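As recorded in Swiss-Prot:
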{"type": "MOTIF", "residues": "36-41", "note": "motif 'PP-loop motif'"}
{"type": "BINDING", "residues": "C111, C114, C202", "note": "[4Fe-4S] cluster binding site"}
{"type": "REGION", "residues": "258-291", "note": "region 'Disordered'"}
{"type": "COMPBIAS", "residues": "262-273", "note": "compositional bias 'Acidic residues'"}
Amino acid sequence: MQQIHRLERKLLRATAEAIRDFDLVSQGDRIMVAVSGGKDSYTLLHLLMRLRERAPIDFDLVAVNLDQGQPGFPAQVVEDHLRSVGVPYRMLQRDTYSVVRRLVPEGKTTCPVCSRLRRGVLYNAAVEMGCTKIALGHHRDDLVETLLLSALYSGALKSMPPKLRSRDGRNVVVRPLCYAAEEDVAAFAEAMRFPIVPCDLCGSQPNLRRKRVKRLLAELSAEHPAVKGNLLHALAHVVPSHLLDRDLHRQLADATGRDPWLDAEDEEAEDCGEPPAGDGVVSLGGARGGR
């Protein structure tokens, strides 16, 4: 029980900090919490329910689970949990599984297509239900893995934003767990004995690139525990004068009337390998530093 309280306090602090830093929850919000049956979404729902009890603003939560037609998906397990915690919920059924199987060649990972179809269903449901925001369970590790995936395999410096507006402008997606470490989420979910639904029911091939990046981060973290926290910290401490983006350079030059590159300090000889000082929490304001 002591471990549960310790982990809950830590995760509540990280979640509340992210909500404050990025204005993720507002007065009167009706927030759809996408609950897949995995550790991340169960934990997100629990934390938002706890924060709602003590928040100085009023907001509503509705949990939504989507059964996409994967063989053996235990929708009743998820529904029983949602009923037991006393949150309003909706169980949706859309056979996107057969669509994915038709579109994706045998042996290829189905995750990207499946994700887009799932997102479309949730977006439409949020509008129909009058939800102002959709909360997803992506955590710190998801953000830093995506940062490396984008840089290494796509040649772009980007990750998952803490909030975004959908392309059609109808939905706002928020990620309140963006400061939370995956190992804390996993430990909390295990301690709480959430009824976890496996994510491989569809039989899809694993995302090998993401798994490779995850292994790389694990190896680096074994040598330098602050690696993941530092990468998250880097996402909020961009130094434009030390990058090669000419469009960004032009925007800054137009805004300031100065050439950012000529104003850059010579930092090439500096040792950038030291972890942040303190107890492992670095304000972005807010993002978590080394663990």
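Every residue, even glycine, has its Cβ placed from backbone N, Cα and C.
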Greatest C-beta neighbour count within 10 angstroms, which of the binding-site residues C111, C114:
C114
How does the model score the motif 'PP-loop motif' (36-41) in terms of mean pLDDT?
97
Using DSSP, what is the helix/strand/coil residue split across the motif 'PP-loop motif' (36-41)?
3 helix, 0 strand, 3 coil
